[in-house]
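Summarising the annotation, TrEMBL assigns signal peptide to A:1-19. Annotated transmembrane segment per TrEMBL: A:64-84, A:96-119, A:139-157, in sequence order. Under the heading region 'Disordered', TrEMBL lists A:177-202.
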Amino acid sequence: MSRVVGAAGLLGGAALVVAASSRPLFEQVRVDSGHRTGYRMSLWGSEYTSPDGIVAAGMDPVRFGVPVVVAAVLLVVAAVLVLAESRLPARAAAAARVGAVAAAALLLGSVWTIGQLVVVMARRDDITTGSVDSSGGSAMWLLVAACGAALVGALLVQRRPRRAVEPEGAVVYQLPDDTAADTPPMGVGIHPEVSTEESSPT
Amino acid sequence: MRSRLGLFALLAGAVLTLVGALLPLYHQAYRLAEQLEFEVTAWNVRTITGPQPDSDEFRSSVQYGIPLAVAAGLLVLAALFLRHRRFGAVARFLAAGVPLMLVGAVWTILQVYLRLAQGNRRADPITLTSPGLGLWILAIACVVALVGGVLVQRVPDQLERAPEPEGPVVYRLPDSEEHEQVS
């Protein structure tokens, strides 16, 4: 049950990344002596809005989306493998569970680093004239939610480690079913014709 | 042997991450009227030549070092608790994830570097960006930590099967009077 919920978490994380990829990571609106300019940054590029309302794409944008999208693809692959676990050999199933953790962590590492940048941009208040309104965009929050969903999902698809049960009382090892290993009635192998009654002292 | 090698790789990855974060990630040289060069690490910016700011070394605006330091700390935790009876599984979970978290952080820094280096290709670039030693060391840290994370994972065969008893099997009979020797 927790495996299915976990796989849904992994898929949900990937879906949130897709939703975030077309939204702004960071937005800034600056009003200076009646002129309104805007700056938007997304996972794939940035754009400026001039006072005339003309939108121009920024030069050489940072493609933050690359590691994030790779992580989302890995999340989907891991979720599919975890769901098909029963049809996979034990090794592949274990690898899929480890892969789910790896994909969620890749997302976390890249989103956190992008977050470090967005935090600084949103805090920047070195512009002295006019009013500046800068804020983290909706994509940033979606990415944080995606990390949460993916990490919880990765945790849920893990198997609880089997703890060795401490033996109580007598330790009995069961030998493989092999009649040759059974102790004969007399303790030593005696031909069946020699009856037990004759040889046993009463 | 396998898991011990993995443990050392995790620790080495953590050390390399911390060292890489302290070394310059990239250099930037501005070709203005006066020469100005910057060295950017994950924590601060250092000017090499040109007009001196308030201090020679000042805090970088973007603290890439924070996720890197957290990843290094978690790698050490994973290595420490790997042999722990109770938290061994948690340590293996961390060992599977944290190296990839490191990869995510370094990859994002690399994307920033690639954007800056794009300017080099222009006909007359004002800014020349070149990779620093820190970026290479962080890349090596990623590989080392990844190898460690893979080595400490358990193969399912080891996990599922109970160890077979070796040597003679001794049956212990329940302590009852019937079996006491008659002297």
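Backbone N, Cα and C define each Cβ position, glycine as well.
Counting same-chain residues at least six beyond the ends of the transmembrane segment (A:96-119), those with a Cβ under 8 angstroms from any Cβ of the stretch are 6, 10, 13, 17, 25-26, 41, 43, 64, 67-68, 70-72, 74-75, 77-79, 81-82, 85, 88, 136, 140, 143-144, 146-147, 150-151, 153-154, 157-159.
Proximity of distant same-chain residues to the transmembrane segment (A:139-157), defined by a Cβ-Cβ separation under 8 Å and at least 6 residues beyond the stretch ends, is recorded for 2-3, 5-14, 16-17, 19-21, 23-26, 42-43, 68, 71-72, 75, 78-79, 82, 97, 100-101, 103-105, 107-108, 111-112, 114-115, 118. The list of residues near the transmembrane segment (A:64-84) in space but at least 6 beyond its ends in sequence, with Cβ under 8 angstroms from a Cβ of it, reads 3-4, 6-8, 10-11, 13-14, 17-18, 20-21, 25, 42-44, 92-93, 95-97, 99-100, 102-104, 106-107, 109-111, 114, 143, 146, 150, 153-154, 157.
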